[in-house]
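In what follows, a structure is listed as structure tokens, so that the remarks can point back to it.
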Amino acid sequence: MNPVLNTGRSILPMNVLLCALLACTALLGQDQSPAGTEAPAAAAPATQAPAPAPMTPAAETPAAPAPAAEQPPAAPESQPAASATPPAAPAAAPATPPAAAETSPATPAAATTAPAERPALEPGKPDPAKTSIPAPRGVEQPEGFAPGTSVPTEVKGSWAGLLLLLEVLAILVLPFIVGSFIAQSLRVKEMSFRIGLVLFALTIGFVPFINAQIRTGHWLNAIKLGIDLAGGSNMVFEVDKAAAKAAGKENITADVMDKLVSRVSKRINAGGTEEITVRRVGTDRIEVIVPKASQEQVDAIKRRIVDLGSLEFDILANRFDHQAIIALAEPSRNNPAVNDIYQDDRLIAKWRPVAKIGDTDKLKPVEPDPSVDAPARTVIRDGKEVKELLLVVEPDPRKRITGDFLVRATEQLSEDGPAVGFTFNQYGGFLFNQLTTKYQPREGSHRTRLAILLNEEVHSAPTINAVIGSNGQISGQFTSKEIQELIGVLNAGALDVPLNRKPVNEFTVSPLLGQDIQTKGYRAMLISSISVFVVMAVYYRKLGLIANLCLIVNIVLLMGVMSLINATFTLPGLAGVVLTIGMAVDANVLIYERFREEKSKGSSLRMTIHNGFHKALATIVDSNLTTLITAVVLYVVGTEQVRGFAVSLFIGIVVSMFTALYMGRLLFDLAERKRWLTDISMMEAIKATNIAFSKKTRVFAVLSCSLIALGLGLVAWRGSDNLDIDFRGGSMATFRFDGETPTTDEMQQRLDAAFQEAVAVETLQTVDNPPKTLVRIRSTKDDDNEVSRLVAEAFKDSPQKLIHQSLTAGAVTRIENSTTPEFKDGHEVTLTFDSPVSASTASEAVGEQLAEIKGADGKLKYADALSLVAAINPVNAPQSKEITVRAKSVVTSEDLAAAASSYAKAASGRPLFEELNTFDQAVASETQWIAVTAIVVSMLATILYLWFRFLAVDFGLAAVVAVLHDIFAVLGLVTLASLASKTAIGQSLGLIDFKFNLSLVAAFLTIVGYSLNDTIVVFDRIREVRGKSPTVSKELVDRALNETLSRTLLTGVTTLIVIFIMYALGGEGLKGFAFSLFMGIIIGTYSSMFIASPVLVWLMNRKIKKGGRPGAVSTRAAAL
């Protein structure tokens, strides 16, 4: 058997898996727009009357309908065709004989659900319920046509479905057909599948770019850029204090807001690849920053943010079980102010509205049976009629079945179309079992109905037919779009406090990085990429050209797959892709250096290729698999920020292995077979060496310990000055210019010089018509007066002048006829500005001054001053020149006058700030610890894998020691460079005050991956050289290091060239990222030789000194 072909197929399973993974990703990624239609309900004969949907356990087989003579009375004709059943295959509803239908409609105990009664069809017209085809995902419903019933929907859905099918077939089949044609043309038929698989992977990579070209006219639109490169949307949401108070959650603490931020972040950026920022602003607001997206996508994000996300199961009140409760609720039937019914201070029932279908005013078909259930009430809310149902609530809050017990929610199909499948935890399943056991069907016609509430609205009320445990299903005429949003919200968890549905502020944000910085970054990345190709082509000649071809495919696949999963690229993110190119060279270098060894032994070309790939395979798989394990652990355990990096790392490693091992092998086999490659020729910059690396172990140990101690000492000394706003928070100020606004680059330079730190600058545009241009800055300074002074100083000699503030405070008067009870008998003051400001800005400023007022005893009089004041805008516009600030009765008129006067005095003459507030760090403290935990767990997983792979825990421990060494050493060097940036030498080297932000976190995680990879390559050679020896001696380690020295230096130098170019030419947008990586690559290369290897020698040999027997596992270790 041909050994070349045999080895080529030895890694086929990995690529078949990759093939399936990419196919699934492509199919899912084709439609990135939300579905616009909902599935039609299951058809049923027109003579069959509707009935409440049943609720049956997951394992129960749907029961057949009872004979007509035995059927109990039916619910009204308007009864819903909705169900809350455990997942089960939909069953067609059997037809009821016409005679029976007239006297005895379908029973609620039936296991199937009949749709609402449809009007009689006109003669000659087809039945739409029987002939319509649901529109596929991504096909919007034509305006004015009912979902699932119109002929246009059917036609459009059919064509879209056909086109989608053809596209899928083209992706799956065409590459292999072309591969077979190429193989036959080249007379290498046995390679047809391998060629087809490479073409298939390329097709997957090109799919998003082709789609972008067709849909938008430019293929680059497939790459979604971050807020720093493309701008986006900025929204600020405020806690709905009235709703929070009604729910008994008046005390809005920092912990409550942190949980709110976490829940919202999980809803809109669960995978971590969207680069969406969510953070706390002030005491009761959150800020959400979304990279450039369509208005439809922004609206969907808004819905997910403000959706309360509550899930609850209650009982629809009926006269059999709840007559006393119905009587107790009767007085509230015509009183919309009373929504909750209490008995002995315990909530026992409540009125809740019926949900609407989608965005329409049509209610979901949830109707109580007037002969059994408590009748609904109709009340007026916000000028509209609202139908509400009376629900019985479990008096003990601990036993109420809510979303708190939810383990996961998934999309499923029901007879009504898309549905939500849910799984409770053990206790939730126990409570559900108790509830459904209590309300089991009785003899006769009565069936209790379970009300399913989402966001305090009743979506369906199926009958309870059997005991149900942990699994169930919620259906009720949902669209696929609603289902996807609902699942995301439910899995993220309900909000602890509600948010106002309308943002307090909403802006369009220009790119955070100026055009000059972006241009420098793109230029640096282009030159870096070219440099890698040049190095490979020059050093490895023809082999380098094959490596370059693999690298090009690597880029296409990486960018294509990342686009398919809708990943967002920031400037450091794109730089990371370029860095991946430099690091992907390592696999090629490992293979080619093995070629060199085989050639020196006199092997033929075919055997050189075979043995080179075969011997390099274990090393490449070991080093990359360890990194893959790290990526998986980071994703499973980590936070949204870490997950985004983990996804990118995982995809990058898999793609690199595919191109280097599979595609590279294919190209070499093909070139050798067709005689395009007749000899292995390459440069040899580093000859065979015999360096005694182990002799200086103690010197390097002392050097490393000193460097780490110095670095950690500097980190501790600087304290919070090490942190950027991502981890520290700070203040943000929004202001305007009189006339034209300066460029981002010009503002950045002026503000950085004035603040003596890197200030984040955002150019905003309001959503008003016409839009207004504002500037928002973020700084770690937290003193309002200092921020105001520094902003004024930054632009004092600018051609573009800031709008300055001037205001006067009127006389304080008593509030007359207040419509808000809490301000009754209070006082108010009118503030007059020379430029319009927002009401919230004025009230917060007065509240802050009020908080500084002290009583006669010298203590502050108003502990929570901001809650004591509120502003009204007399012209009912977003901003006004006249703002009236009201204070509650506990605030004296003298104190309100003093606060207003102090505000007027402090504000006059300084820049007019549309907003001056504090904001929290983008990565909360709890989130930081979760990220650290994820890294620790990934280190433990690395130890376990290397223990298994090398049959000695010492290898894993030594690798982790090297990684920790690298992290601490680079941490110290970055801090030292930040301090040196103030000196002349530091400035000549281009150093700046590097602060730790999310970009530097990504850089450090990359260093971890590189260090592991470098160390394991050395360890793999140590294992090979060691053979059956029970020990690892210094001489053996020196031999392994000398044999891998060429690879170590070539990979390190190539990567350093890429990073150095990005540092030197990339501008400030890449400096911190590039500097950290530059130091990390140097330290990582150093530690693999002078830290990891000596630690391994010490660990392996300490057992012999203690009388251990390490040789017991040496045979298997040598075999591996």
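For all residues, glycine too, the Cβ spot is worked out from N, Cα and C.
What TrEMBL records for 33-118 is compositional bias 'Low complexity'.
Sequence annotations record features per position, and here TrEMBL assigns domain 'SSD' to 955-1098.
Taken from TrEMBL, the feature region 'Disordered' applies to 33-150.
The annotation signal peptide is assigned in TrEMBL to 1-25.
Feature annotation from TrEMBL assigns transmembrane segment to 159-183 (among others).
Sequence-distant contacts of the transmembrane segment (521-540) (same chain, at least 6 residues past either end, Cβ-Cβ under 8 Å): 513, 547-548, 551, 571, 574-575, 578, 581-582, 585, 588, 592, 682-683, 685, 1050, 1054, 1057-1059, 1061-1062, 1064-1067, 1069-1070. Look at TrEMBL and you will find 521-540 (among others) tagged as transmembrane segment.
Annotation source TrEMBL lists transmembrane segment at 545-565 (among others).
Annotation source TrEMBL lists transmembrane segment at 571-592 (among others). When Cβ-Cβ distances below 8 Å are used as the criterion, the transmembrane segment (571-592) is approached by residues 226, 228-229, 275, 513, 517-518, 521, 524-525, 528-529, 532, 536, 540, 543, 547, 550-551, 554-555, 558-559, 612-613, 616, 619-620, 624, 648, 652, 656-657, 659-661, 664, 682, 999, 1002-1003, 1006, 1010, 1013, 1017, 1047, 1050-1051, 1054-1055, 1057-1059, 1062, 1066, 1069-1070, 1073-1074, 1077 of the same chain, each at least six residues removed from its ends.
Annotated transmembrane segment per TrEMBL: 613-638 (among others), in sequence order.
Sequence annotations record features per position, and here TrEMBL assigns transmembrane segment to 644-668 (among others).
Sequence annotations record features per position, and here TrEMBL assigns transmembrane segment to 699-717 (among others).
Taken from TrEMBL, the feature transmembrane segment covers 929-948 (among others). Here the transmembrane segment (929-948) has Cβ contacts under 8 Å with residues 625-626, 629-630, 633-634, 637-639, 641-642, 923, 955-957, 959-960, 963-964, 1001, 1005, 1008, 1012, 1016, 1019 of the same chain, all six or more residues outside its ends.
Beyond its flanks by at least six residues, the transmembrane segment (955-980) meets 626, 704, 707-708, 710-712, 714-715, 718, 722, 939, 942-947, 949, 986, 989, 991-996, 1000, 1004, 1007-1008, 1011-1012, 1015-1016, 1019, 1072, 1075-1076, 1079-1080, 1083-1084, 1087-1088, 1091-1093, 1095-1096, 1099 of its own chain at Cβ-Cβ distances under 8 Å. The transmembrane segment annotation in TrEMBL covers 955-980 (among others).
What TrEMBL lists as transmembrane segment is 1000-1019 (among others).
Panel annotation: around the transmembrane segment (1049-1066), residues 520-521, 523-525, 527-529, 531-532, 535-536, 539, 575, 578-579, 581-583, 585-586, 589, 685-686, 990, 1010, 1014, 1073-1075, 1077-1078, 1081-1082, 1085 of the same chain, lying at least six beyond its termini, place a Cβ under 8 Å from a Cβ of the stretch. Marked as transmembrane segment by TrEMBL: 1049-1066 (among others).
According to TrEMBL, the transmembrane segment annotation covers 1072-1099 (among others).
Here the transmembrane segment (1000-1019) has long-range neighbours at 572-573, 576, 579, 583, 586, 590, 619, 622-624, 626-627, 630, 634, 641-642, 645, 649, 724, 931, 935, 942, 946, 950, 955, 958-959, 962-963, 966-967, 970-971, 974, 994, 1040-1041, 1044, 1047-1048, 1051-1052, 1055, 1072-1073, 1076-1077, 1080-1081, 1083-1085, 1087-1089, 1092-1093, 1096, meaning same-chain residues at least 6 beyond its ends whose C-beta is under 8 angstroms from one of its own. Of the candidate ranges 545-565, 644-668, 1072-1099, 1072-1099 has the most C-beta pairs within less than 8 angstroms of the transmembrane segment (699-717). Here the transmembrane segment (1072-1099) has long-range neighbours at 572, 575, 579, 693-694, 696-697, 700-701, 704, 954-955, 957-959, 961-962, 965-966, 969-970, 973-974, 977, 991-992, 994-995, 997, 999-1000, 1002-1004, 1006-1007, 1010-1011, 1014-1015, 1017-1019, 1022, 1032-1034, 1037, 1040-1041, 1048-1049, 1052, 1055-1056, 1059-1060, 1062-1063, 1066, meaning same-chain residues at least 6 beyond its ends whose C-beta is under 8 angstroms from one of its own. For the domain 'SSD' (955-1098), the model's average pLDDT works out to 86.
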